[in-house]
C-alpha cells in the first residue's frame, strides 16, 4: 500500500505510463529516456518518438529546466508540452516535466512518475494540472475526483512490489457502488487559498479517548493520496502515542516514528467536519520491527520527512484514506468523505460517528 498508480498516455503516437496519483502535489512528470538515475525497469518517455512534443524554452531561447522537491526526494528535468490522455479524457499541449535525474529509490516497479492532482498554485512548473485543465475546459460532467484505495497491507496473498488491482480513481463523478450513505463535503477553512486540498483536523481519539491537539492553522492538513502514512506536528504526534500503552519513540533511520506492542489492537480516529472517522488497526500497524514491537502508521512530520517551509502541519495520507471514500471537489473547493460500501471492504465498524465529545475537549 505504498503507492497508488494510474495509467496515462503521452505523445503522438501515445506512450503509456503508470504514475502515482498525488493530490498532495500539482506537477506532472515522467522519467525521460535520458534519465541517468532511473533503473533499467523504469519505463521512460522518448521525446523524439512523439511528433506532438514541444520543448519549453525561455525568452532567451534556452530549454527550461527545473527541480521539483517532495518529502521523499526530488527530481530534475526539462519542461515540455504534449498531448496527455487518461481514462478517455485528453488535454492537448499539457505542460509536464521530462525528468533526467531522480533521488535514489523514488521510482520502483512500473512507476514512471507522478501526476499531481493539487491546485496550480503549488505547481513548481507553474503549469495547469491535468485535472484542472479538464475542469476549465468543461470536459468533466461534475468538478469531482474520487478515490477508493484498496487495502492489501493485511492480505497474505499480496506480495511485496506486486501491482494488483489497487482500487479506483474516478474523474468527473463518483462510483456509488463503492460507498454507502451521503458524502460529507467539508469546505476549505475560511481564508485558505486553493493550493493543497486542505481541511482542519478537529480531533483525534486513541483507544476511545480524546487526545488534545493543536488548533487553528497548526491543525491544517493536506489530504494527500500520494503520501503513504499520516504525518503530524511533533507535539500532537507525541500526544497520540503517549495514549498508547507501551509505545516508544524510535531513532536513527526511524527518527520521527513510533513503535508499539504488536499485541495492541490500536484504535485511532481522526475528526473532520464534525465526524470522527476510524482508521483500521491493520493500517495503524505497519509490521514488526524488533521483537514484539510494531511500527505505527502516524509519524512526526518534522522529523520523518523533508517537508520544507510553508506546508501544512498535517499530511493525511493512505493510512487514513484507505478507510473512506474520498471525493475532491473543485467548486466550491472542498473534500468529501463517505463510508465505504461492503463491496469496497467497508463494515459497520468503520462508520463515522459524531465528534462532539472529542471536539469539545480541545483547548
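In case you wondered, yes, glycine gets a Cβ from its N, Cα and C as well.
Per TrEMBL, domain 'Peptidase A1' is recorded for 4-338. Feature annotation from TrEMBL assigns active site to 22, 224. Sequence annotations record features per position, and here TrEMBL assigns region 'Disordered' to 342-363.
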Using a 10 Å cut-off, grab the number of neighbouring Cβ atoms around the Cβ of residue 22 (active site), all chains included.
22
What Cα-Cα separation, expressed in whole Å, is found between residue 22 (active site) and residue 224 (active site)?
7
In sequence order, which same-chain residues at least six apart have a C-beta under 8 angstroms from residue 224 (active site)?
22, 23, 24, 196, 197, 315, 316, 317
